[in-house]
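Here's the structure we're looking at; comments come further down.
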Amino acid sequence: MATPRGLGSLLLLLLLTSGQENTTEQPRNTCLGRNNIDKYDILNLNDKASCFTKCNQSGSNSCNVENLQRYWLNFEAHLVKEGLTEKVNMTFLKALVQNLSTNTAEDLYFSLKPSQIPRQVMKDEDKPPDRVRLPKSFFRSLPGNRSEVRLAITILDIGSGTLFKGPQLGLGDGSGVLNNHLVGLSVGQMRVTKLAEPLEIVFSHQRPPPNMTLTCVFWDSTKGPTGDWASEGCSTEVAPEGTVCCCDHLTFFALLLRPTLDQSTVHILTRISQAGCGVSMIFLAFTIILYAVLRLSRQRFKSEDAPKIHVALGGSLFLLNLAFLVNVGSGSKGSDAACWARGAVFHYFLLCAFTWMGLEAFHLYLLAVRVFNTYFGHYFLKLSLVGWGLPALMVIGTGSANSYGLYTIHDRENRTSLELCWFREGTAMYTLYITVHGYFLITFLFGMVVLALVAWKIFTLSGATVVKERGQNWKKVLTILGLSSLLGVTWGLAIFTPLGLSTVYVFALFNSLQGVFICCWFTILYLPSQSTTVSSSTARLDQAHSASQE
């Protein structure tokens, strides 16, 4: 009886051990990509496809993005190598594998409609909106002397998770793959690059929002730890029917939809503006100090109005730059009342700058255009009441409507790109359009009309009153440029920002340096002897105007 009892004990021990192992075994996590990494049967494809939604920002610790991406990148190679399946039709995956003769005399077109399996388009068919074109020279440029090659075309729906997003699309700025669709192209086991004539992929889509841009990209698995999107070798052409991507290699392609001002761009522009404003503040402070020194050393500076107007404009810009730096640096910090105050102060000095630029235009109009009957009692005092008082009234009216508060710049998916204290979102935007956009447009257009009249007088009428000298044209041009800085021409560059990101950079750079331009103009105009300056006529006009006020 000992033997059976011993055998029974052994069996019981084995059962208990087995039960302990089963209880300690962790559930299989498909999204870690450790199991069946080279298996492409229907079960494994569905398991791996579930990771497109399971792997998101909050649950990325349970996913191995690199393994999963490699799994899908190798799928086309599996299709071409095995040569068993000609078509794959799944909800998340459509694929076509087809043998093609390399001795073709015409371009080949294939449909890329996401809801259908890719198919070759015959000559007598209309071209589908989503398609790929393989030029006839494509097959002749393939390495080796093959009479036939095996082509694989894949349409993959990657969902909204983190797979195939990369660092560029992980910034939370609204960037994304258009419709979450990737198009894969491969020929046999060959690595096809640097095609003489690029292939052409057309992605059809609705017109993107005005603040978004489309870029043709391909997945580069060598970039970063898990790969990233790149655009080398691909060009983007926006057409009425969609976007045309021309690329000189084969891989997985997509169309990226990104904000014109994505998070990285906003960061760069903010740094440019902060640096420019800081430099402008230094030059504007120098201008104010220089005026104070000249006012103490030169008697005429106590009576001339133009230097006072220039310094008032410089002072308003100095305070505007300071308010901007404080506002951007503070962001959403502090109480609602503090944010309200920062928004109101920033709005006030912005309106002061616009007003004093308009007053510069008005003063220039009296000097160079009207000339006669320009007497106004207490002239500069009245200008000061308008320059500092009118913005105050507008800010008081805006504040009484409780229009100031936290303003958020967000992307198309409502994710935050930048926060600052400005106008509240909602009905307060109408006040912004009236008191900022509309007011600036009025002062800017008035300044441009006056500048055009002055430029016309300088270039057409100066020859009738003074003796022409060689090399005078460059002095006239510098005079116009100097006057442009006073009238805020750099602010007008904002009109061209919808043309592209490059114009946004130009606007941010030149507009933040307006104080530098004003300092240079003030120094050239008043520091040297007036007989040697490029703007002596302007100075003489102002002296005459000031004398008429006395």
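The backbone N, Cα and C atoms fix where each Cβ goes, glycine too.
Because TrEMBL annotations are produced automatically, they should be read as predictions rather than curated entries.
As annotated by TrEMBL, domain 'GAIN-B' applies to 108-263.
The domain 'G-protein coupled receptors family 2 profile 2' annotation in TrEMBL covers 269-526.
Look at TrEMBL and you will find 1-19 tagged as signal peptide.
Under the heading transmembrane segment, TrEMBL lists 278-297 (among others). If you look at the transmembrane segment (278-297), the same-chain residues 6 or more away from its ends with a CB under 8 A from one of its CBs are 307, 310-311, 314-315, 317-318, 321-322, 325, 512-516, 518-520, 522-523, 526-527.
Residues of the same chain lying 6 or more positions beyond the ends of the transmembrane segment (309-326) and with a Cβ under 8 Å from any Cβ of it are 273-274, 277-278, 280-281, 284-285, 287-288, 291, 342, 345-346, 349-350, 352-353, 355-357, 359-360, 363, 380, 383-384, 387, 486, 512, 514-515, 518-519, 521-522. Positions annotated as transmembrane segment by TrEMBL: 309-326 (among others).
TrEMBL lists 346-367 (among others) with the feature transmembrane segment.
Under the heading transmembrane segment, TrEMBL lists 379-397 (among others).
Long-range contacts of the transmembrane segment (432-456) within the same chain: residues 347, 350-351, 354-355, 357-358, 360-362, 364-365, 368-369, 394, 398, 403, 422-423, 480, 483-484, 487-489, 491-492, each at least 6 residues beyond the stretch ends and with a Cβ under 8 Å from a Cβ of the stretch. Residues annotated as transmembrane segment in TrEMBL: 432-456 (among others).
Per TrEMBL, transmembrane segment is recorded for 477-499 (among others).
TrEMBL lists 505-527 (among others) with the feature transmembrane segment.
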Average model confidence [pLDDT] within the domain 'G-protein coupled receptors family 2 profile 2' (269-526): 87
